[in-house]
Structures are given as C-alpha cells and as structure tokens.
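A quick write-up on the structure given underneath.
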Amino acid sequence: MAVGPGLAPARLQDCKRDWIRGFDSMADQALDGAAPRPLLSLRNVNMTFGGVKALKNVSFEVLPGEVHCLAGENGSGKSTLIKVITGVYKPEAGAVIDYDGQSYSHMSPVTAQASGIQVIWQDLALFPEMTVAENIAFQTVIGRWPRLVNYAEMRRVAINALQRLGVTFDVDLALHHFPIAQRQIVAIARALVGEAKLVFMDEPTASLTQSETDYLLDIVRNLSASGVAVVFVSHRLAEVLEISSRVTVLRDGALVGVYPTKGLTQSRITELMTGKTFDYSVLHRDLSRSPVMLEVKGLSRPGEFDDVSLTVRRGETLGISGLLGAGRTELALTLFGMRKPKSGSVVLDGRPVRFGSNRDAIAAGVAYLSEDRLSLGLIQPQAIADNMVIASLDKILSGGFISSDRKRSLVNRWIRDLGVRIGKQDDAISTLSGGNQQRVAIAKWLATDPKLLILDAPTVGVDVGARAGIFDIVSKLADSGLAIILISDEVPEVYFNADRVLHMAQGRIVGEFTPGATTPQAIEEAVYA
Amino acid sequence: MRRFVRSHATELALLAVIAVICVFLSFATDRFFTLGNAFDLLNTSSVNIIFAVGLLVVLIAGGIDISFAVAASVVQYLTATVLGWIGGGNWIVGFIIAGVLGVALGCINALLIHGFRIISIVATISTFNIFFGLLMFFTGGVSIYNLPDWLTTRVVLFEREMADGTWAEITLPVLIMAICVFATWALITRTTTGRQLYAFGDNPEGARRFGINIGAMQFIAFGWLGLMAGIAGLVQAHYAQEVVPNALYGRELDVLAAVVLGGARLGGGKGSVLGCILGVLLVSITQNGLNLMGVSPFAFKMIVGAIILAAITLSNTSIERLLPFLKSRRVPS
Ligand SMILES: Nc1ncnc2c1ncn2[C@@H]1O[C@H](COP(=O)(O)OP(=O)(O)OP(=O)(O)O)[C@@H](O)[C@H]1O
Ligand SMILES: [Mg+2]
C-alpha cells in the first residue's frame, strides 16, 4: 500500500509504454486531412487591469495537434492571455475568438471545458482540503444541474489519470498533505481527465525535477501525436526549444512575433523577449584566503540526511545539486533552525550555534528563501511594500514606529535592483505576475542583510532577464562578504553561479565539482545517473 | 486506519473529550447516566443542532453569519402571526411559512454579500441589528402566548417508564433535527452542489476558473442556513410553547463556537456534519452535567469556555503529535 505522498519512479517505464501505445492508434486518424485549419485563432485581444494594459491588441493562433510555446518575460501577459481564452477574464470589446469552428466574442469557463479546453494553471488552482481524487476528477461535479456525486467514479477517473502519468498517489488523502511538486503532478493529472483538444500548461515544470520534467515532456509529445494541441509556457528555454514546433513571443503585453522553433536558439528567444542579449561565464574568484563563514561538521537527521560536512567562506557561493528527495531542502531547513539536527555541529562566523527556532537563525544572520514561496513566503492579499519589509521591520523603525519614508526608500531600492514590475507599492501581491511575486519574495530576504543566505530554487518561474538580474545581485552580495548556499535542480544554474558545486544524493554529500575545471554535462551525468 | 485518523482527527478528538466528560459525570452524579437524561439532552439540543448544520454550510462556503438566530426570531413571530390570520393551520403549513420566510431572510444576506460585495461578517452584523431592531420595534417586545394547539401540543415519539417512575421520552424536535441533519449531510457530501460549495470555500479563485456560479453558491449557502433557521425557529416555539422576541438573541455565538469546535474552519472548505453535532453535544453535555452537579449557573459560561478552548487545542495539535505511533514515515523531499 502506498502510504502518504510519494512518487514511484521505478514504475514509470511500464506505464509510459502503455500510454504511448494507446495514443498511436488515435494519431493515425489525426494525420489525414489537408492543410490544417487553426484550432484556435485569436484577434484584437485587449485587456486592462486598473491602469495596467496587460494585453495590447494581441493575436494568437494554435494549429490542431501542435506544441506551441508562449514565451515572454515576467508580467508580459502570458497567463492573462490564457485566462482570456478560457473565459476567466472577459477581453475588451472587439476581440474575436475562433475556436473549433465557432466564433466567440468571449468565452466562459464552462463552454471552454465543455469544448475540450483544459488548463494547468500557474498557481495550480487546486483545492487543498479535498482529496487528491476529488481534485483530479473535479470536472465530474461541474454542470448546470445538481446531481448525486459518484465517488467511486471519481476515484476511478483519478487513478486512471495518475496511471497515465505513471505515478502512484494515495488518492484518498487530502491534497494539503502533499508537497508542492506532487501538487503540480495532481494539477497535470487533472488536465488529462476528459476529452481535451487543447491543453494549456502555464509553467507546469516550475517545481518539477529534471526527471519529472522529462517525463512531462514525453506526455506532451504523446498528446500532440494524438492530435491534442498543447500551449506550453516555461521560463526554461531549453524545454521550449526541445518540445515546441512554434513559439509566440510577447513583450509588455504586445505580440512580438510567431517563430518556427527550428532555427531558434536560447539566446535568440531571450533577445526577442527582452530586446537585450546576455552572456554566461564561469565565476573566477580567489577565495582561499577569505575567512570561513559557515562550517558544518557531521550534521545528521535520520531519514533525511546523514553526516553532512561542508564549509562556505565569506564571499563564496556554494551550489548544491541533486535529485528531488536528496535531502537538500531538509538540510537547508535545519541550517535555518526550523528542524533540529540529531548530531553534528554548526559554526557560523566563528561561533558555534544551535538554533531553537528560525527566529534565532534570522537573528544570527541566516536568511532562507523557501522552495514553496508562492504559498508560504508571501501574504497574498497584503500590499507589495508590506510583504517586502516584513522580515526586516527593525530596519525601518524610527522612534519605535514604522517610518513610512524609510519603508518607501527600502522598497524602492529593491524594486529597482531586482527590476520588479509593479503598478503601485500599495497594490496587493496577488495582482503581480507569478515571476514578479517571486522577486518580491527574494527582496524580502535580501532586505534583512543576512550573513548567510540560503537560496532554495530561487529562479523557479523567473524569466531569463530576471534570472540574470537575480544572480547579478547574488554575485554582488557575495562580493560584499556574504556566504551563499544555492540549491537548484538545474545544473547550469549552479554551474554558472557557484564557486563550488556539491552533489547530494540520498542524504549524503557524494561529490564536489569546481565549475572551471569541469563541464555542466559532467555534473549532469553524475547527478542524473 | 491511519488515514481515517488523519482525515477525522477533529471528530475523534471531540469524541474522546466527550467520552472523558461522560465517564466523569457518570461517577460524579447519579442522574447523568440514565436514559431519561440522555433523551433530555437530545430534546434540548435539537434546536441548536438544526442551527448548527445550517451554519456549517455557510462556513464551508467560506462565509460567516451572525444574523441567523435573530432571523429565526423574526420567522417565529411572523409565522405565529400569519398562522393567527389564517386561523390555525397545521405542521405542514407551519413549516412552509417558516421555511419560506427563513430562506427569504437568508437571501437578503446573500444579496448584500454577492450583489453589493460586502464581506459576510459585516453584512450579517448589519442584518443582525436590522432584524432585531425591526422585531423589537414592531412587537414592542411583547410575546405571543396564544399559539395554535397543534404547535403547543407535545408530540412524544418514543417513551419508556423508568424504574423510579419517571418517563424517558423522545419528542418531535428530535425527529425534525434528524431530518435536517440528514438533509444537510446529503446536500454537502452527496450532491455536486455540495462539493461545489466546498470547492468555493476552499479556493474561490480555483472554483471560479471551473466556471462555478459564485452567486448561486452564496444564495444556496445562505438560503440553506435561512431554511434551517426558519425550521429551528418554529421548533423552538413549539418547544418553549411561546414566542418571545428576544428568546434566541445571543444564540448565534453559542452555535458558532460549537460548529467551529466541530472542525469547521472560518475561511471555508472544511467541516463535517458529524463534527458539528459533536460540537453542539459537547457543549450541552457539559452544561447538563454542571447543572446536575449543582454548579452555580454563573460559572457555566466560564467552564464551557474553558472546555471549548481545551477541545480546540486538542484537535489543533493534531492527534499525531499526541499519539506518535500513528505518524506515517515521512518521505524526504
Ligand atoms: N488580476 C489582476 N489585477 C491587476 N493586474 C493584473 C492582474 N492579473 C495580471 N495583472 C497584471 O497584468 C500583467 C501581466 O500579468 P501575467 O500574469 O499575464 O504575466 P505572465 O506573462 O504570466 O508573467 P509570469 O511569467 O511572471 O507568470 C502584469 O503586469 C500583472 O501585474
Ligand atoms: Mg504567468
């Protein structure tokens, strides 16, 4: 019996084969027929929120069975476009939505679903208190007239959808028991229920590891082969190039163009998205004489990590790479005082420390940017400015009270440095695009002036331009004497932004690399072996 | 088993607390552990349980209602008046009038919340004051004693003579309560509408993206509470054999505390009918026990408050922490 949340990757291969076979037969039917008419064609779409023009006269087209990527910086309007197509938002008058032979001036979520449009939302839009089964099969309780609920049918549908993904879950457990990566998989499974013709995937890989991502990309290929069109949004441009046949690029809510993927490169897409070019190189900092900031010896927590020893010097960025379940996040949480180690010692800035809680850790100068920051790190209905200063209130006090001038200047500084795109400081966080929310969460911790900064997957869902911006800041922070631990699932990210890279597997440190002396491929081979 | 414990932690915690209190009271008093007293408890808790299951639906849908108890008073008064006009009526007519009036008052709340975008606590505090103000103004605080005979006649559904010569009886309110409980249970767990209510309370934005009709959800939730409040009002009039305008004033907080105690979450998406009933029973068993023990009524509220706190803490600290062997092995992620 599967108890609690847990993927069973060992079983992936078998199910995968069945799933592919199931689609081959359907694929044949999809292929005959002449030059394809677009499945979806959108013209004159305009959308304004308050004063912000989120979409400016956008047109967009999807062919049946194609994989079409939607690319653009944070806040460029990708999610908004998806919400217009699926009827969550009503576009301004004049818009034309042609879908599957019908013309609409706007959609409704019910029509969209009934006519075969499925969405994996960027914020997942799942129901945490409901069981996994009900989350996946929720469509079965939607409809004009009330009916009796068929729980057995729901379970069957859900188990079926999960089987297509080759994973086993306890479908009777409430969703809130599962970590973010598993919730993402539940959201994917939900979109596979029912007869889809068009599936939107808004950053579905943001919280997945490499192997899960590969698996998802296979599913996308199979959907496409069976005639289902997929619109794919991702900030990992390698994925975009690998999976799509065409790319539509948005910038500041306006259409830049539609390009066949053949012939595009990552740097070309980046250029189209931002209008700028970026180049990458390995760090070369001589830190041998820099004093040690963090020294960890023999740190263990049974079942999570074992005998971990590491040092980070002032000014150094230490990368930690590994697979999901390697114990990296658990290690980070322990260094941040949120879990207690069973044995081992931690010395921070020359002083042995033993944190009773994360408050002690923050006071001692440790900052931790969590994996799941969209739900844990930000208070959604509160203002951007308030979210940004919440961890560093002591810095903006004046005579015991919060000084609004100091608050404003602190917030302005981080908004500028991180390039956060906002309307007003006092707008609610929930009005920002996903990637911009991320930057606010990062700013919140940077504002505490930490000695040791632990970044756990800091660029999930952040566009290339902003990634460069964030790592620029990380590098400057390191130069100013901070010690930084960078945890990431993406090897190139640690390769180009860390001085040393540790490889963690099954709770142990099993390897160490120096980026200049090896290639990203070599590290990838070690990690994914 | 482990899963059952995890998903029913609140109900189990409440059951445990109730069991402990019952064992204690059985030894501390001679009357507590008798059939007659058990039936009495049911008879007296019926009205509150009907209110509670109604309120549960609103809490599940992410709202809150302060006005339902005074709404029930309004319904009582109007129903009694209308019954006077039409010259008597019967139980069926009574329920139809009370139900329709209750639903109408509930819909006023839904209209304020959905139509005018007023958050539910503010909207229902306003209607609480408006309903009560109007009621006191038009009645001048005068009670109605001459109710129709059918309404004031006790209906005994089951009785048995005890060894000491007293009669243990189950009366009509218990049957009505059972029907309301069953109907609410069926609504929220067996119908698609009920699941949509849960979804709406759990993640309103997620529900919207599914195309769930948000307005309909508010009207169904507050309409259902209105219906339950109307029925509870009539039952209370039957039980008390009179209509006193301020008889139910203040009942809303007792019921709200009991429902939250039963695991419903302020904020929506969570709560069960069983938890709700256990919550009400815990409070009434405590009150009943204190009564039998001869504790001063002034101490009641204090002790009930303390027990609510204790029970809530127990269900929040999660059974898993108190009984570590139930903890499933964690997969590191
Ligand atoms: N509900 C809303 N209220 C106000 N402004 C909004 C709302 N939704 C989106 N916006 C604004 O519209 C713009 C586009 O946002 P959108 O979420 O579509 O970006 P995106 O391309 O999906 O970005 P990301 O990659 O960060 O997810 C942003 O400037 C955002 O602040
Ligand atoms: Mg987005």
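Placed from the backbone N, Cα and C atoms, the Cβ positions cover glycine too.
No curator has checked TrEMBL annotations; they are predicted automatically.
Keep in mind that this is a model prediction, so the values were computed, not measured.
Record features (TrEMBL):
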TRANSMEM  B:12-29  transmembrane segment
TRANSMEM  B:41-61  transmembrane segment
TRANSMEM  B:68-86  transmembrane segment
TRANSMEM  B:92-112  transmembrane segment
TRANSMEM  B:119-147  transmembrane segment
TRANSMEM  B:167-189  transmembrane segment
TRANSMEM  B:210-235  transmembrane segment
TRANSMEM  B:255-286  transmembrane segment
TRANSMEM  B:298-319  transmembrane segment
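Contact counts against the transmembrane segment (B:41-61), taken as Cβ pairs under 8 Å, peak for B:255-286 among the stretches B:12-29, B:68-86, B:167-189, B:210-235, B:255-286. Listed stretches B:68-86, B:92-112, B:119-147, B:167-189, B:210-235 were compared with the transmembrane segment (B:255-286); the greatest number of C-beta pairs under 8 angstroms is found for B:167-189. If one looks beyond the transmembrane segment (B:119-147) by at least 6 residues along the same chain, the residues whose Cβ comes under 8 Å of a Cβ in the stretch are 58, 63-68, 70-71, 73-74, 77, 80-81, 83-84, 105, 108-109, 112-113, 237, 241-246, 249, 252.
Tertiary proximity for the transmembrane segment (B:210-235) is limited to same-chain residues at least six positions away from its ends with a CB under 8 Å from its CB atoms, namely 46-47, 50-51, 53-55, 57-58, 60-61, 63, 65, 68-69, 71-76, 79, 94-95, 98-107, 109-110, 113-114, 151, 172-173, 176-177, 180, 184, 187, 193, 196-197, 199-200, 204, 248.
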